[in-house]
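The annotation Mn(2+) binding site is assigned in TrEMBL to CYS134, HIS136, GLU170, HIS197. Per TrEMBL, the feature domain 'Peptidase M20 dimerisation' maps to 219-313. Positions annotated as signal peptide by TrEMBL: 1-21.
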Amino acid sequence: MKTLRHTLLIAGLSAGLPAIAAALPAPIVAQLNADYPKLESFYQDLHAHPELGFNEHETADKLAGRARGLGFEVTTGVGGTGVVALLRNGPGPTVMLRTEMDALPVLEKTGLSFASQVTTKNAAGDTVPVAHACGHDLHMSAWYETAKLLAENRKAWSGTLMLVGQPSEEPLTGAAAMIKDGLFTRFPKPDYALSMHDDATMPSGTIMWHAGPFRASADTVTITMYGQGGHGAVPHETRDPVVMSARLVMALQTLVSRENNPLDPVVITVGSIQGGTQANIVPDQVKLALTVRTFRPEVRQRVLASIAREAQGEAIAAGAPKQPLVEIKPGPDSVYNDPQLMARAVKAVEQAVGADFVKEMPAKMTSEDFAVYGQQPGVKALLIHVGAVDAGRLEAAKKAGQPLPGTHSPQWAPDLKPTLTNTVKAETAILLDLMPARH
């Protein structure tokens, strides 16, 4: 890690980036401390009133109203329920700070006094519980406070601050919807884009970074294997798609273990197999649903093609009446953290929260549609994590070998104050470093 950090810092210097980032001004830190009680109340309100993706109407209104109150030019309804707020503060770069707004269809079991009691109808018309089980309430709270600190300290920076409240991150569809609706054509295209996410694997307030490919691309593959149905007592008179599917599941594992370079991470998970109605009937089809995670585009294309090849091969080997139907639903590309920009951000954050609270982390196979913004030409992007678990609790759990609730769990609740305040400090420090005052 020390070697990579040294390399990043040298890269930053060679790119002409500042050698020393300034610590957060004392008045800004004092202002954050004074604001905290009201900020915590805002967090609790967001937590208690979650909304699912593309239905974040009240949430968007809250963010838009607060941004207007700070003097931002606010546009709502971007990409569905998205919010865009601009604060133009003289010449300089445009820097985008993005937060997600949506919650999850999860029944909260945290026991918090402000726990969500919300239920709603999902897209299928079913009544489901809703909870902020992934920390988007924390992200929104930090987004607002960071905006407040910059708006009330405009003499400390120059440029354009672009706030984005994004809908529907959990289904990985909101970023693309905002881009399609003109996020970077109706509004200034940012030079830099920043987002932060809470993390259940590190002590609260620890800022965690990774340069280069960070979060994996995500594709959904649905495969329908066709057979010839019949009575379960005479399987020789059928072409059994259940057996074909079972062989296919095992064959797919060799795409990772035998066809892929171990240095290029790949995940193929068969998350659903559906077929048949009862024990003594061989069905005429079985449907499999897969998630496929990769980092590099060429690996992604090869793996998807190989999945189709394996499905077709199993059908031929079984004498299936027709070839399988392979449907690919592309998801976002992998998140790429610009290394030179990361070098700059790490130094700024170390000055703001202390080097002991800044740690390098490994890449993750989970996905994030924040990747969509960094794919746009001319936009350098950073996604940074922040630890959200009390250090003592985390250490005790490790010693006991007992897992703690993570994000997407009904019990997920971040260790709020250190996590939220260091998120604000990190965001503020990075923005001030990217938009320094003009003299």
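Here the Cβ of each residue, glycine as well, is placed from N, Cα and C on the backbone.
Bear in mind that the values here come from a model prediction, so they are computed numbers and not experimental data.
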Worksheet item: Of all the binding-site residues given, HIS136, HIS197, which residue's CB has the most CB neighbours within 10 A?
Response: HIS136
Item to complete: Fewest other Cβ atoms within 10 Å: which of the binding-site residues CYS134, GLU170 wins that one? Let me know.
Response: GLU170
Discussion item. Under a three-state reading of DSSP, tell me whether HIS136 (Mn(2+) binding site) is helix, strand or coil.
Written reply: helix
Discussion item. Helix, strand or coil by DSSP: which one applies to HIS197 (Mn(2+) binding site)?
Written reply: strand
